[in-house]
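*Asks:* Pulled these from Swiss-Prot:
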- 11-193: domain 'tr-type G' (DOMAIN)
- ASP23, HIS24, GLY25, LYS26, SER27, THR28, ASN140, LYS141, ILE142, ASP143: GTP binding site (BINDING)
Amino acid sequence: MNLQEMNARKEKIRNFSIIAHIDHGKSTLADRILEQTETVSKREMQAQLLDSMDLERERGITIKLNAIELNYKAKDGETYIFHLIDTPGHVDFTYEVSRSLAACEGAILVVDAAQGIEAQTLANVYLALDNDLEILPVINKIDLPAADPEMVRQEIEDVIGLDASEAVLASAKAGIGIEEILEQIVEKVPAPQGEVDAPLKALIFDSVYDAYRGVILQIRVIDGSVKVGDRIQLMSNGKEFDVTEVGIFTPKAVARDFLMAGDVGYVAAAIKTVADTRVGDTVTLASNPATEALEGYKEMNPMVFAGIYPIESNKFNDLREALEKLQLNDASLRFEPETSQALGFGFRCGFLGLLHMDVIQERLEREFGIDLIMTAPSVVYHINTTDGETLEVANPSEFPDPTRIENIEEPFVKAQIMVPNDFVGPVMELAQRKRGIFLTMDYLDANRVNIIYHIPLSEIVFDFFDKLKSSTKGYASFDYEISDYRPSNLVKMDILLNAEKVDALSFIVHKDFAFERGKVIVEKLKKLIPRQQFEVPIQATIGNKIVARSDIKALRKNVLAKCYGGDISRKRKLLEKQKAGKKRMKAIGSVEVPQEAFLSVLSMDEE
């Protein structure tokens, strides 16, 4: 292809993604677009084709990014090349959204005709606006009885400030309005900028590990072109690799001769470890490198940490391999080895949020068959010590001695909660209970309110979302971003079983709630830990002070069963003997702690 043909081809390219709140019909719309453009034959069509992980289909959420090339013959008789880049809609995966948006020029905003705009839709729209994308509103599910497209249209204009007069009314399920959406993409989404003959510059927006070909990079070529045999260089670390294959996805990988400016596709280059390829890095040619890297890429910092331990201690290396493999596809997962007296060897893992943590745990168990114990998630605290040091601690068992602590700062988030009018009371009550600080409240329309709070991340970490859903009958939607660190009156609480500290059960708690939390946990553990042959005291302590205690009574055999009538001194002798045996057992006995016990530290309801 000569330069002229390449430029003509570039004018026909449209790169776009679909933004939507969970369940507003994004994956279904993507399916319809694939059918309409005949990318996938009816025979291969399965619901949510782009959600290729089993877990995604089951939970009905999109986690990883998928990029697909489609050909669309428009009404003007020309054939256009569409690249549809699927984005996850869940708050934990905002970074994945931001990188897929960086690879696009346009975005389809899908809003449910019955539910209107939700908090996460807003968050993603702002990301799209930051990337200067052309946004095409689509009002989906207009065939629902409760649909009110006109109200939603007004809402898009009022809340986001987009002109929604030309918003397409669609039903992805019934296939209504799909043609219109495709025509709007042709007309409104700009063709890619970028020079075909400039030095290669391409953005990595995802990487997938393949056992045979090594790491496969998903890239959006901004300038230049790349073909098999080129030697590429990664700009963040200067490492070089030889390209062995380039191609596109039509969901299936199809090899091509080259990729040029505007294209979205994949490159395989015998890259052994995914650690070499950072998502958001810039790829260029070693022989003719670009002068500067693409901007807008940041390292993701995990916000939530938890210990992951294999139940069988000989599976430690399998767990390490499994985590390394997951990390190949998941740039935001961090882990380092740690040991616990109670649980043996395992890893401290960092996650973007709770859903991310859940998904990783499920994938470890499902794809690698490893049985795990997870400890309670915690956040990163900043501890200022009396000798002027600042420590960053994510694991409660690493907290320094209380006498050395000057003060502790914890991360706060700015939480945006959208909720129907009737539930404002319960939501505010919940936020206050979680130590939230009220900021503002805006009425979006006559019956929906947007409430903004500052809440400590540690309070959101375990059950805030579930509580929010149950106190608003599932109507609230919620989005948060990290705001800053603030000093808080926090203490570390340890749990002692049989007078031994179980490090995996330690947690950090606000001083005002310490007493009742201690009480709740001790009672919960009493129910969860099976009775032993000897009595087990459970104590909650802060420093050396015991704040709550409960005892698990011993199981005992009735040693008097074979004394009929019998002499009292004979009975006493047997009982004394039993007591001495129990005492010996208690001295050497260890207590088995079931997985539920670790999780009970999390679900700290005051029930």
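Backbone N, Cα and C atoms are what each Cβ position is placed from, and that goes for glycine too.
Mind mapping these onto the model and telling me what they sit next to?
*Replies:* Under the DSSP three-state reduction, SER27 (GTP binding site) is assigned to helix. Take the CB of SER27 (GTP binding site) and look out to 10 A: across all protein chains shown you find 23 other CB atoms.
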*Asks:* So what pLDDT does the domain 'tr-type G' (11-193) average out to?
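*Replies:* Summing pLDDT over the domain 'tr-type G' (11-193) and dividing by its length gives 73.
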*Asks:* Among the binding-site residues ASN140, ILE142, whose Cβ has the fewest other Cβ atoms within 10 Å?
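*Replies:* Ranked by other Cβ atoms within 10 Å, the binding-site residues ASN140, ILE142 bottom out at ILE142.
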